[in-house]
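Worksheet for the structure shown next.
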Amino acid sequence: MARHPRWTLSQVTELFEKPLLELLFEAQQIHRQHFDPKQIQVSTLLSIKTGACPEDCKYCPQSSRYKTGLEAERLMEVEQVLESARKAKNAGSTRFCMGAAWKNPRERDMPYLEQIVQGVKAMGLETCMTLGMLNESQAQRLANAGLDYYNHNLDTSPEFYGNIITTRTYQERLDTLEKVREAGIKVCSGGIVGLGETVNDRAGLLLQLANLPTPPESVPINMLVKVKGTPLADNDDVDAFDFIRTIAVARIMMPTSYVRLSAGREQMNEQTQAMCFMAGANSIFYGCKLLTTPNPAEDKDLQLFRKLGLNPQQTRVLAGDNEQQQRLEQTLMTPDTDDYYNAAAL
């Protein structure tokens with residue numbers, strides 16, 4: 001049973017129709033009621049099993065149905081994953097997300113996945129996985145291993161969904177989110193802007209997310225990364241203001257959720273990213289690649305953080321952990337005032 005006011009489609013549509021500056025002002029006010037506006041949660045995403053996915057998501061280069069030039073790779077060894085997690089922590093990430101390109105994990109994969117979760121948790125990092133659909137037993141096993149978050153995006157509205165994916169139903173996605181929640185794992189779920197959807201579809205996606213019995217703790221909003229060989233490779237570019245508007249509406253509708261500026265940042269300039277942060281985005285993926293698509297280099301993100309006076313959320317540093325992490329955090333928390341970018345002047 002819902003424990004929060006339910007949104008209606010007309011209410012969401014009204015938000016999308018608001019003048020942009022009024023919308024941004026409202027979103028920023030709500031954001032400041034629940035979060036420190038200078039804090040950004042930083043995550044790193046690693047593909048632990050790449051390509052050869054049997055599903056037909058039209059945006060995805062990892063689908064075996066499309067010729068994108070992506071070479072399939074087997075599951076990474078546990079120690080390889082843990083080494084990547086160490087590097088992510090040393091670079092400033094507080095959450096380590098792991099994705100596998102399959103429809104759902106098999107039972108024989110579960111001990112491997114549990115071992116990875118336990119190993120990453122032991123470093124003091126939050127853990128997140130995106131593995132496709134889960135059954136009740138798998139969700140509970142991951143919870144028992146210590147998994148903090150599970151990502152399973154809804155992608156778009158229920159009405160537009162069938163134009164993008166046919167190998168998994170919308171209800172199956174909702175069912176997986178329910179199983180994850182019942183197992184005690186926090187939910188990470190969002191969608192993609194630029195699939196060819198209408199504004200009403202964007203409203204419908206956010207309506208589904210906000211009206212879950214408990215809204216997702218983390219809401220990634222992706223800008224479509226067009227990959228040659230996928231059916232959406234020739235889609236029109238997303239207007240930057242339309243994307244910023246979607247971020248702002250997500251913040252207003254889900255005031256206590258982290259809204260993550262996810263895929264597509266590589267094609268955004270600094271001004272667009274700054275306006276997304278003004279609109280209420282307070283989380284990013286950090287690192288040069290998101291699964292298989294480009295992402296801004298770490299140094300570029302650090303420069304942007306310094307210009308905007310943003311600080312990465314503090315990680316839980318274990319006793320005796322290396323000092324590089326602490327030095328990096330101190331560097332990031334010292335704004336470059338000579339080059340400060342005044343986001344409020346946008």
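Keep in mind that glycine also has a Cβ here, set from the backbone N, Cα and C atoms.
The [4Fe-4S] cluster binding site annotation in Swiss-Prot covers Cys53, Cys57, Cys60, and the record cites sequence analysis as its basis. If you look up Swiss-Prot, you'll see Cys97, Cys128, Cys188, Arg260 marked as [2Fe-2S] cluster binding site. Summarising the annotation, Swiss-Prot assigns domain 'Radical SAM core' to 38-256.
Recorded features from Swiss-Prot, shown on the structure.
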residue: Cys53; record: [4Fe-4S] cluster binding site; DSSP (3 states): strand
residue: Cys60; record: [4Fe-4S] cluster binding site; DSSP (3 states): coil
residue: Cys97; record: [2Fe-2S] cluster binding site; DSSP (3 states): strand
residue: Cys128; record: [2Fe-2S] cluster binding site; DSSP (3 states): strand
residue: Cys188; record: [2Fe-2S] cluster binding site; DSSP (3 states): strand
residue: Arg260; record: [2Fe-2S] cluster binding site; DSSP (3 states): strand
What's the CA to CA span in angstrom from Cys128 ([2Fe-2S] cluster binding site) over to Cys60 ([4Fe-4S] cluster binding site)?
20
Excluding Cys97, Cys128, Cys188, Arg260 themselves, which residues in that chain have a Cβ inside 8 Å of the centre of the Cβ atoms defining the [2Fe-2S] cluster site?
Ser43, Leu45, Arg95, Thr130, Tyr149, Asn151, Ser218, Pro220, Phe285
Would you count the other CB atoms within 10 A of the CB of Cys60 ([4Fe-4S] cluster binding site), including those on all shown protein chains?
25
Measure from the CA atom of Cys60 ([4Fe-4S] cluster binding site) to the CA atom of Cys97 ([2Fe-2S] cluster binding site) and give the result in Å, rounded to a whole number.
18
Far apart in sequence but close in space: which same-chain residues, 6 or more away, have a Cβ under 8 Å from Cys57 ([4Fe-4S] cluster binding site)?
Ser63, Asp155, Ile164, Ile165, Thr167
Near the Cβ of Cys53 ([4Fe-4S] cluster binding site), how many other Cβ atoms are there if near means within 10 Å?
21
